[in-house]
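What follows is one structure encoded as structure tokens, with my remarks underneath.
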Amino acid sequence: MGAAGSKLEKALGDQFPEGERYFGFENFGNTCYCNSVLQALYFCAPFREQLLEHYANNKADAEENLLTCLADLFSQISSQKKKTGVIAPKRFVQRLKKQNELFRSYMHQDAHEFLNYLLNELVEILEKETQATKADNETSSSPEKIANVLKAPLANGVHKEPIVTWVHKIFQGILTNETRCLRCETVTARDETFLDLSLDIEQNSSITSCLKNFSSTETLHAEDKFFCDKCCSLQEAQKRMKIKKPPHILVIHLKRFKYMEQLGRYKKLSYRVVFPLELKLSNTVDEYVDIEYSLFAVVVHVGSGPNHGHYVSLVKSHNHWLFFDDESVEIIEESAVQTFFGSSQEYSSNTDHGYILLYESLGTR
């Protein structure tokens, strides 16, 4: 790897970003799903900053969990004396396998499932830490408060305010589900949070068209009728989903694995789906405001089927695009990103397809 590392340093020359580190990850037998996602998260600037800050403030008394193992790995990379090389994320992978049997086998795993699990696990750890800190602060002020603090959450069935962690602040958006009764025209809106958007895909489409389909109006009729509270009965209705609060980091998962009933198994959709380097989010509640996003990472699935294959990642760092394939790290041209859109033909020799896209908000325009 020394040679490959120095090759990358030579390629970047005096353009090598000050203080940045580019390290490949060792593969522990089919852990490419994990390596590719971790590289994407490492180059997600707000995530890396918050994780390292949290680690610096809490490492003395922290018991080991996925958060401490991930922070330890990121800290290890950022504090390397060398600019390039290989690191073994052994402690993190061991902890992951210890906690979740799904990732224990040497079978091919799903990168999106892993990302989803990891973000939710980090949220849970941070929420528990916040609750513990609150309880400590309240009980330390006066001993007689202890009994009240323990009873408080149960009293009168009071709804507790949800805890907003730094993971929420980075990745969480809000969707609003609007349903319009076609008899009385009453609109019912229900909000739900998301950490990523999973989009259905079609051949020769784009992220913009996939997002439009995601927010398209659907008519509920026959056995799918909607119970209208105003009419007090089941009625035909129109339903649509819009983005009420766009996240700072928008994670898009392209649903490339589809269950084929006639085959009785999943099939990979190699469809060509164009994802732009700059994305305007238009399916928002406020239709007059376009939110602009910039692509900074792509997790790519390599292979023709869902149960085998490989994951790699493309990452944008300081205006350079890098290609991470386990231990290997190479610089690539920005134009090379479009080779991962997918295939126009069903049977193609190109099996490297964008699977998870990470965009950072540039704000409103």
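Note: Cβ is positioned from N, Cα and C throughout, glycine not excepted.
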**Q.** Stretch carrying motif 'Bipartite nuclear localization signal' according to Swiss-Prot (options 81-98, 171-188, 189-206, 207-224)
**A.** 81-98
**Q.** Residues of the parent chain within Cβ reach of the motif 'Bipartite nuclear localization signal' (81-98), under 8 Å, 6 or more residues beyond its termini
**A.** 1-2, 4-6, 8-9, 16, 20-26, 28, 31, 34-35, 38, 64-66, 69-70, 72-73, 104, 327, 329
(Q) Using a 10 Å radius around its CB, how many other CB atoms surround His310 (active site, proton acceptor)? (A) 18
Q) Helix, strand or coil: which one is Cys32 (active site, nucleophile) in, per DSSP? A) helix
Q. Just counting, how many other CB atoms are there within 10 A of the CB of Cys32 (active site, nucleophile)?
A. 24
